[in-house]
Amino acid sequence: THNYAQVIVAVPRVHSTLNRSCLGASVVLHVGSETSRFQVDTVAESSASPAAPGPAPGPAPGPTDGSKPSDESKGRFRVVGFADLGALGSAMDIGLPPDVFHEPDTAKSDSVSLHSTGTGHTHVSDHSNTYYQRTFGHNTIDAVPNIEFYRQTAAPLGEKLSRPSLSELHDELDKEPFEDGLSNGDEPSAAEQAAAALAAKEAKGGTIKFGWVKGVLIRCMLNIWGVMLFIRMSWIVGQAGIGLTIAIILMATVVTTITGLSTSAIATNGFVRGGGAYYLISRSLGPEFGGSIGLIFAFANAVAVAMYVVGFAETVVEMLNDVDALMTDELNDIRIVGTLTVILLLGISVAGMEWEAKAQIVLLVILLGAIANYFIGSFIPTDSKEPKGFFGYNTAIFIENLGPDFREEETFFSVFAIFFPAATGILAGANISGDLTDPQSAIPKGTLLAILVTGLTYIAVSSPSAGSCIVRDATGDHNDTVSDTVNCTDAACTLGYDFSICREGGCQYGLMNDFQVMGLVSGFGPLITAGIFSATLSSALASLVSAPKVFQALCKDKIYPGLGVFAKGYGKNNEPLRGYVLTFCIGLAFILIAQLNIIAPIISNFFLASYALINFSVFHASLANSPGWRPSFKYYNMWVSLAGAILCCVVMFVINWWAALVTLLIVLALYIYVSYHKPDVNWGSSTQALMYNQALTHSLNLTGVEDHVKNFRPQCLVLTGYPNSRPALLHLVQSYTKNVGLLVCGHVKTTSRRPNFKELSLDHVRCQRWLQEKRIKAFYTPVFSDNLRHGTQFLLQAVGLGRLKPNTLVMGFKNNWSDGDMRDVEIYINTIHDAFDLQFGVVILRLQDGLDVSHIHGQDDLLSPHEKTPVDTKQQVLVTVSPAKDSDSDSCPSKTTSSQSSPLIMRGNEGQEGKKTETKSPLSLADQRLLESSQQFKKKQGKGTIDVWWLFDDGGLTLLIPYLLTNRSKWGDCRIRVFIGGKINRIDHDRRVMATLLSRFRIDYSDINVLGDINTKPKKHNKLSFKELIEPYRLKEDDMEQEAAERLKAQEPWRITDNELELYRAKSNRQIRLNELLKEHSSSAKLIVMSLPLARKGTVSSALYMCWMETLTRDVPPLLLVRGNHQSVLTFYS
C-alpha cells in the first residue's frame, strides 16, 4: 500500500472581462492504492458551486480562458505542481507525510499542503486548501490555528511553519506583497525547512530522553541524600535533640519546597530547554541576573564535584589506614584516590547520558539498600553493641534525646549551617532539562516528590530511629555497668550501664562522638560504607553532568564574550565535551588542594543565591502581571515565593556571613558587567514586563498633576529625517535633553504615491536600534504626509503620551531655500506658524555649511548587523545615496517613501538589474567641510563662550537652553555671555537689572553686554545686500494692474508687497544691524543662542520672513534661534 497524501496545485486567479469576478481553482491529487491514482477536485472561489470531482490523469490545468496568469503568481502564490510520481515521491521524501515526521505533541492531519508566503518561500502546512474548503465552504489561504505556527525557529519538538502574512491576505492583487525585495524575516525556505526537519529527525532517532522518574526523581534524591545522611545526622541529633533536629529539617525543607514550587511554576510557563537554573532565571529575570547566576552556579557545581570526590576519597583512605595500606601519607592518598575517581566519573559522563543514568540507578539501589539496612538493624539490638550506646528503641532514650545538648560552642544556627547543604540538590533534575522528554511535567513531579521522600527519610533517620535507639555518650567498655544507682540518672542507667565518666570527655561512642553510628546500628556494616560511597559518587556524578550543561547553555546565549568555544555540542545528545573537560580541570584543581573547609560555605551560598533568585523570579513575574505569565502549575503564590527568597538570603548569612557577602558581591559584579555590555537578547523577561507596568503607572500619575514652572524641561520634537541625516542637530539637542527631557526624532516622509506602511515599520525598527547603538536617548517617529507642514502638524498633535509630550519644535535652517521652489519656503515658514499656534516653542539651528549629510557616502548605516542580509543572498542590501540632495535638505526630512529612493538604504535586486555596486568618489571640499561641521557638537568644546542674545523675553527658554548645555561635560569649559538691548544713557542700569535677574535665577555668567547701539542704522552695503536678496521675491504691484497683482499674489502668496516692505522697513534694518553686531561681538563664540524674530501670521510674507532669518544668521558661528511659547520656564521662587 502507498502512503496517502494530497498535493495542492494553486492556480492564479483569472480576471474575467465579462463579469469582473475572480475565479480561483485548486486541483487536489489523491494518491492511493486504487488503480486510478489521481482524482481532481476543482473548487471555485466565486459564488458558483464547486465542480464535481472527476478523473484527470495529467497535471492540473491552467486558466481556460486563455488569459495570462495575474501578477499574483509572481510573488504571492507560487504554482506548485508534481508532473509525475517521481516528483511526488521526492516531495514525500522531504517530510510531507505527517505520520512520518510529526512529533507526538502535534496534531495529526489527513492532508498536507505547500503554500507560498509571498516571499518566494513555500511552506509546508499540515492543512491543505481542501481542509479550509471543508471548514469554511470556500477556498482560502488563510490558515486555521496550528501549533507549528507558534514554534520558535530552532524548535526542538517539530519544524517551524509560518502562517500567511497579513500582507498576503490583505494587499491588493496587483501589488507585489514585498516589493522591496526583502523576505519576511529570516524564515527558511521549504527545502531548508524540510532538510532541517529531516536532519533533526535522524538525529533524534538515537537521542536519549528521560522521563520524570529516571531524569528528575532519581537524580534529585541521589543528590539530596549525601554523606550527611550517614555520617552527620546522628551528631546533629545529639547536639540539637530530636525536637530541634526536626525543626532544622523542616526549616530546610520549607526553603527547598518553596523553591521547588517556584521552579515548577517557571518550568511550566512554556517550553524549557537545557540550562537548568540558568535557563529558568535568565528567561524570567533577564540576562543580567541569569548571566551572573549561571556562571557562579556552573562554577559551584564544578567545585561540588571536588567536594564529593574528596569526601569519597577520605572514606577510602580511612579504610586503607585501618588495614595499614596507605600508599604515601593521608593527604597525598586523598589526592591520588580523588584523581582516579574523577577520571572514572568523567569517563562515565563522556560515554553519554544513558551510561550516566544507568550508573545513577546502580548507585540508587546501593543507597536504598544501605538505608533499608540501617532501619532493619535498628530493630535488631545485640549485647555486643550496648557498650557502644545502641540499645534499640527505648522510651527513656527518646525522652533524654528529645531536648538539645549543645557542646563545644555549637548553637542552633551553627548546627543548621552544617545540615543545610544536605538539603541542596533539588535542581539536579532541572539542570538537565534539555535531556528530559517533557520538562514541563517532569520537573514539578520529580522535584517535589524527591523533596518529600528525602525530607521524610531525614526525619525518620533522626527522630524515631537514631534519637530513640542510641544514647549521646558511651564508652564502649563492657565493664561500665551500673554500680551506683543514686548518682546514675541517665537513660543508660535504666538499661544497666553507667556512662557518667563521659561527662569528663574522652568517650569515643554515642551520638555525640561517633560519626559511624549508622554503621554500628545497621544489620550489615559494610553496606553502610557502600552507601557512603554511593551517596558521594552519585552526587559527584550529578554535579559533573550539571555544570557542563548549565555552562553550555550560558555560552550559547553569548552573554560573556570569549566563552562561545564551550557552546559546541557533540554527538546525538549534543554533549558539551569541552564543558566536561573544563569541569574536570576545575574539579581536579580543587581535589589536589584536598582541603575544602574554606570554599565549601561559598558553594552552599552559590546554590542558595540561585534558589533565592528562582523564588524572586516567580514573585517578579507575578508582580509584573504580564499576560505571558501563565504557568500550568497552579500551586504557587507570589508572596510565598517572596518569603522563600528572603529565607534563602537569611540562610546564606546564617551559614556563613562573610561567604554570603562574597557571593552577593560576585553576583553584583557580574550583574553590573552584563548590564554594561547589554547583550543583544530579548527573552520577554518579567523585568521588561514590570518596566512597562511602572512606565504606564507613572505616565498616568503624571497626567493627573498640573505642570509647574520649577519642573519645566525642554521636551523636543526634532525634525531630523533619518536620525543619521543631520548629526549636528541631533547631537546638540541631545546635549541639553539627555537625562533631562524628552527627545523625539520626527521624520516626515513626503510621498506622491501610495504610502508603504510596511517599510515605515521596518524603518522605525532600524532607526530606533541605531539610536540605541549610538547611546542617544531618543525616540524615532516617522509619518507619511503630502508635505512637511501637514506631516509636522500630525507630529505636533499626536506625538507623546500624557505629560511626556514635546513642547518645543526643533528644526534645521533651510540653507538652500533660495535655490529651490518657493512653495517649499511657504511650507517651511507655515510649519513655524503652526508650532506657535499649538503653543510650542521653536528652535532653529543654522550651520554655515549646512546640516544634511545624507548625500555623502560612508555615513552611519541604519541597518544593524543583525538585520543585514548576507552578500550571497538574492536580495542585497546596499548602503548608497541619491545622486543629489533633496530640495528641502537642512530643513525637513528626506522626501522618500520607498527604499529605492531613500538616501540611506538602497536595495538591489539581482533578478532584475543584476548586482548594484557602490562606486565611491572622492569628497568635494564642501562635503569635507560639511562632514567636519556635522561632528562638531559630538566632541568636547574646550574653553570658549556661549553667547546668549536675549533680546526679547520669551519666558526664559532662550536662557535655559544655554544653562543646560553648560551642565554637560562637553560644554563644561564654556561660559555664558549675555547680550541685551538697551539705551546708551542706561547701560549701567540695564546691566545691574539683568545681573540681579540672573542671580535670582541662580544662573552663572561671565559677562553682561548691553547693546546701546542696537538701533543705529546698518551699513549701506549691508542694506544693498538685503535689497538684492529680496529683489527676486517682490511682487512689485505698482508696476502692474491691480487685478493682475492680486491674481499673482493669490497664486504666489510668498511674494513681498511694496506696502509690506515699507511697513516693516525698521524691522528689516534691525535684522541687518543685529547681524553686524553678531559679527562684531560673537565671531569667536562656540555657539550663539539668539531670540528668534517673530513674524505676524497673514501679514508678513514667507519670503520676507525667510530673508530676515537669512540676513540675521549669515556668516556667523553656529547659531541657535530660540523662541519659547511665552510661558515662564524659569522662576526664582522656591
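Yeah, the Cβs are placed from backbone N, Cα and C, and that goes for glycine too.
TrEMBL assigns the feature transmembrane segment to residues 442-461, out of the candidate ranges 442-461, 662-681. Listed as Cβ neighbours of the transmembrane segment (602-623) (distance under 8 Å, sequence separation of 6 or more from its ends, same chain) are residues 255-256, 258-259, 262-263, 265-266, 269, 277, 280-281, 284-285, 289, 293, 296-297, 299-300, 303-304, 307, 420-421, 424, 427, 629, 636, 638-639, 641-642, 644-645, 648-649, 651-652, 655-656, 659-660, 662-664, 667, 686-687, 689-690. Mean per-residue pLDDT, taken over the domain 'SLC12A transporter C-terminal' (726-1134), amounts to 82. Listed by sequence, the residues of this chain that lie at least six past the ends of the transmembrane segment (577-596) yet keep a Cβ under 8 A from its Cβ atoms are 299, 301-303, 305-307, 309-310, 313, 331, 334-335, 338-339, 342-343, 346, 349-350, 544, 547-549, 551-552, 555, 565-566, 568-570.
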